[in-house]
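K.L.:
OK, Swiss-Prot features for this one:
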- 1-13: compositional bias 'Basic and acidic residues' (COMPBIAS)
- 163-172: compositional bias 'Acidic residues' (COMPBIAS)
- 281-310: compositional bias 'Acidic residues' (COMPBIAS)
- 352-361: compositional bias 'Acidic residues' (COMPBIAS)
- 362-374: compositional bias 'Basic and acidic residues' (COMPBIAS)
- 375-385: compositional bias 'Basic residues' (COMPBIAS)
- 1-31: region 'Disordered' (REGION)
- 32-152: region 'Sufficient for function in acetylcholine receptor folding' (REGION)
- 72-105: region 'Disordered' (REGION)
- 157-176: region 'Disordered' (REGION)
- 269-385: region 'Disordered' (REGION)
- 39-59: transmembrane segment (TRANSMEM)
- 127-147: transmembrane segment (TRANSMEM)
Amino acid sequence: MPKLTDRNRDRDREKKKRRRRDDSYDDYEEEGGISGWKLGLVVGVIVVCFAMLYPTLFHPMLMGFLGRSSQPAPSINQQRPPIHPAMGGGGGQRHPGGYPSRPDVHPAMRMAQAQAEGQSGGSKGMFTWMLPIYTIGVVLFLLYTLFKSKGKKAKRKKRNYFDSEDDSEDSEMETKYGGKFGKKKLKGLQERLRQTEDAMSKILEQLESVQAGANPVDLDAADKLALELEEDKSAKEAVGLTETNEQYIKDLEVALKEFQSLSKAYDKEKMKKLKRKDSSSEEEEEEEEEEEEEEEELSELSEVEEEEEEKPVKKGKKVVDQKKPAKKAILRQKSTSEEEEETRIADKKAEEEEEEGIDIDFEIREHAERNKKDKNLRRRRPKKT
């Protein structure tokens, strides 16, 4: 096992070194392409452009700033020989460009010369406008390449710094674990780790059994085993326990006890919830019975009202006299002060109806509405606890 771990570490280190070398070569190639002949070419183009623009653009600008006006030299056409003034014919008209007008020249030739001069002037103007734009673009490209090369150099320095830190950490780990410990100590540590893994697997199995509820854990037996191990040094050596492992086992025992207490509390809460559900179901049944009784009373009243509606209206007074005791019997069932007031109001209305001889249908409707209101009030009352 230790040999395999050492080999794996060596492989990882070699892979890291290869990656670093590849990155460094890539950066070097990119930087070399930017900082080599390309920079020289850009500088040469800038110098040529400046030399071409100086006499036509920069020199007149400098002279204008300094306050000197450069007079243009008279241009002489080299194709034609100079003509004597006496050959021109007295005080005739002169050419606007400083040339004497020749009568022997055809007008078409004069037009062609004027067009050629205009085209040459236009081409020169375009050339003078395009060259400064080109120089500005080249300068911007040069600045961009310079800044880019500086940024890459800074990134490369950061990478080298982090790589050096990783190398130092690897060397420290080697000195801590590889240099100090020998093979025997490593084997002993591996055996102890295996023993702790076995103990953990057993504890997990016991926890699963506790959750299932089939095989509860015997904590007394675990305490006895711990005491025996503390007393017998030979048993400790055989099992390979250390102080850290003993503390770990004690912590696990405490956790098991807490788990049992939590499971008991959970069972108690379950029982309480079941009892509450039973009590709530009983209360609901009582409420349903009360509602059924009220519905039966309302159905009886509706039947009585239908029978009264079938009787003729002439016997209105007699029906009212027969209806009074039934109304009084229903209203006596009410216990609150509001119900007593309603009975008084109903009695007064009945007396008024007897005196005036009003129909009974209106009174029956009012009575049905009152019963509905009473039913709603009973439902809104708080439940008995």
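Cβ coordinates come from backbone N, Cα and C, glycine included.
These numbers come from a predicted model, not from an experiment.
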K.L.:
In terms of Cβ proximity under 8 Å, which residues at least six beyond the ends of the transmembrane segment (127-147) contact it?
P.N.:
34, 38-39, 42-43, 45-46, 49-50, 52-53, 56-57
K.L.:
Tell me, roughly as an integer, the mean pLDDT over the region 'Sufficient for function in acetylcholine receptor folding' (32-152).
P.N.:
66
K.L.:
Run through the compositional bias 'Basic and acidic residues' (362-374) and tell me, per DSSP, how many residues are helix, strand and coil.
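P.N.:
DSSP composition of the compositional bias 'Basic and acidic residues' (362-374): 13 helix, 0 strand, 0 coil.
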